Amino acid sequence: MSPEQWGIYGWTFSHAVALGYPINPTEEDKLRYYTFFNSYRYVLPCGKCRINYADHLNKYPLTDEVLSSRENLVKWTIDIHNVVNYYTGKKMLTYPEAIEAIEKTLTPKKKSSYNWFFIILIIIGIIVIIYLMYIVFKKKLNK
């Protein structure tokens, strides 16, 4: 499967997972996250990406230092993402730029005000229909 089909979602998920890493991780946390990120080399939906990710892990391993804090793990995911961006000719981001982009991506989109417009329009329509039914019913009773 082409990275263009799933890449943005994979990166968003990876960064979100890193942001969910404990600030002060336990040894169990470290092992679980190490296993999680290490397993990408076996499950990415692109064969070339699996090979490249394994190479990136060899060059930029998930060390005890990386796993010592949330900040370090988030920076590591940004570093790995930047390595991929370098090889794919995309812009590499500083940590502040990357964190801003990640937070923007993870921020829920506000619902359009058009939704409220249509809800109000439907309510007004229902009120008009009920009023017209009332007038018709009242005229039939008066006959």
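Each residue, glycine too, has its Cβ placed from N, Cα and C.
Per Swiss-Prot, domain 'ERV/ALR sulfhydryl oxidase' is recorded for 10-104, and the stated evidence type is sequence analysis.
In sequence order, P3 are the residues near C49 (disulfide bond), counting only same-chain partners six or more apart with C-beta under 8 A. As annotated by Swiss-Prot, disulfide bond applies to C46-C49, with the evidence given as sequence analysis.
The transmembrane segment annotation in Swiss-Prot covers 117-137. Panel annotation: around the transmembrane segment (117-137), no residue of the same chain lying at least six beyond its termini places a Cβ under 8 Å from a Cβ of the stretch (none).
Listed in sequence order, M1, S2, P3, W6 are the same-chain residues six or more apart from C46 (disulfide bond) with CB atoms under 8 A from its CB. Looking at the domain 'ERV/ALR sulfhydryl oxidase' (10-104) alone, the prediction's average pLDDT is 95. Helix, strand and coil content of the domain 'ERV/ALR sulfhydryl oxidase' (10-104), in residues and according to DSSP, is 72 helix, 0 strand, 23 coil.
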